[in-house]
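Enquirer: Here it is, the structure, as structure tokens.
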């Protein structure tokens, strides 16, 4: 029987590799464009192909994970992600690379939510939020270091070195997991998951999570351009400030265990977190702050997301019972859909300098998230 700490470490490394594979492209778009003989803006389709495949595949894989051993899905996903990272090196053109990148998104969709569901199977409810916070540290480290490692590997070795790095990493985790990952709980005769979602109000929490995550990540992705316009910073300086968001994520993940000890409902904690996000984004967009203030805002936004994500994921896992794989996968897809929908809107508003409209939009969307969280609290209280 694998110890809990060992299982959490292995899971954290697995999602670290997902985070690395997803975000490393941001640092090597130009070299990839040169390799595939396309414009730099066309190479971003690799990111879109990955995200689209992830969004579409996650609910299907989650549904299947509630009906077959999750261990098998995780192992197959690790192997697929490893093979995909290797095969993409031999792509003759961008179209082939896009198809292969889609398989990478499919593998990631089978890893992240299913790992969280597997953890919920083997760890007691009272410790799930803390455990998921520990695993999300892996994802956060991947998001922060993925572009850095990719840039270094491309500069000193070759354009395909980052793909070899992730391929080897996934293969190593696959081999270790083959001997150590526990089997998930076997269940028979499950009802359609949609009925469970409707009964316990999970849909509201999924939408709320998608809203606060989507808006916050949108602001983060556009923060670099905002800072560059306001302070006339160089790319290295912007990158350093953007790194504060990742540090905030790490800090938030690390605080989950302490926040869990506070004797108030998780819904109340989420409301407070969303309110802090609203205030922080307003301050960031307003332009009232100094450069240090902007950096603190990015750190705070990252910290709040680092807290909210494991808390809400644990809530979804508890409320969805035997359908947790499907529900967590739906949540991942909704996160991506809202992000992909909101990003072009915020990008247009900010590029036109309609910051007041952006602030109003932020308040409306995140206030909606609060409203979606509150009814869950009331419903659970009545039960």
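Note: Cβ is positioned from N, Cα and C throughout, glycine not excepted.
What TrEMBL records for this protein is below:
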type	residues	note
DOMAIN	7-383	domain 'Major facilitator superfamily (MFS) profile'
TRANSMEM	7-30	transmembrane segment
TRANSMEM	42-61	transmembrane segment
TRANSMEM	73-91	transmembrane segment
TRANSMEM	103-123	transmembrane segment
TRANSMEM	135-157	transmembrane segment
TRANSMEM	163-181	transmembrane segment
TRANSMEM	202-223	transmembrane segment
TRANSMEM	238-256	transmembrane segment
TRANSMEM	268-285	transmembrane segment
TRANSMEM	291-312	transmembrane segment
TRANSMEM	333-351	transmembrane segment
TRANSMEM	357-376	transmembrane segment
Enquirer: Given pairs 6 or more apart, does the transmembrane segment (291-312) have at least three Cβ pairs under 8 Å with the transmembrane segment (42-61)?
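Expert: They do not touch: fewer than three Cβ pairs between the two stretches lie under 8 Å.
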Enquirer: Which of 7-30, 42-61, 73-91, 202-223 shares the most C-beta pairs under 8 angstroms with the transmembrane segment (238-256)?
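Expert: Looking only at 7-30, 42-61, 73-91, 202-223, the most contacts with the transmembrane segment (238-256) come from 202-223.
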Enquirer: Same chain, outside the transmembrane segment (7-30) by at least 6, Cβ under 8 Å from its Cβ: which residues?
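Expert: Contacts of the transmembrane segment (7-30) (Cβ under 8 Å, skipping residues fewer than 6 from its ends): 40, 43-44, 46-47, 50, 74, 78, 81, 85, 104, 108, 111-112, 115, 118-119, 122, 131, 134-143, 145-151, 154, 159, 162, 165-166, 169-170, 173, 176-177, 180-182.
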Enquirer: Does the transmembrane segment (357-376) reach the transmembrane segment (268-285) with at least 3 CB pairs under 8 A, where each pair is 6 or more residues apart?
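Expert: Yes, these stretches are in contact.
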Enquirer: Mean pLDDT across the domain 'Major facilitator superfamily (MFS) profile' (7-383), rounded to an integer, is what?
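Expert: That region's mean pLDDT is 84.
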Enquirer: Considering only the recorded stretches 73-91, 135-157, 202-223, 268-285, 333-351, state which has the highest number of Cβ pairs under 8 Å to the transmembrane segment (163-181).
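Expert: It is 73-91 that shares the most Cβ pairs under 8 Å with the transmembrane segment (163-181).
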Enquirer: With a Cβ cut-off under 8 Å, give me the same-chain residues at least six positions beyond the ends of the transmembrane segment (73-91) that come close to it.
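Expert: For the transmembrane segment (73-91), the far contacts come to 14, 17-18, 21, 36, 61, 64-65, 97, 100-101, 103-104, 106-108, 110-111, 114-115, 118, 160, 163-164, 166-171, 173-174, 177-178, 181.
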Enquirer: Which residues of the chain, 6 or more past the ends of the transmembrane segment (268-285), have a CB below 8 A from one of its CBs?
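Expert: Same-chain residues near the transmembrane segment (268-285) but 6 or more away: 208, 212, 215-216, 219, 223, 226, 259, 262, 293-294, 297-298, 300-301, 304-305, 307-308, 311-312, 355, 358-359, 362-363, 366-367, 369-370, 373-374, 377.
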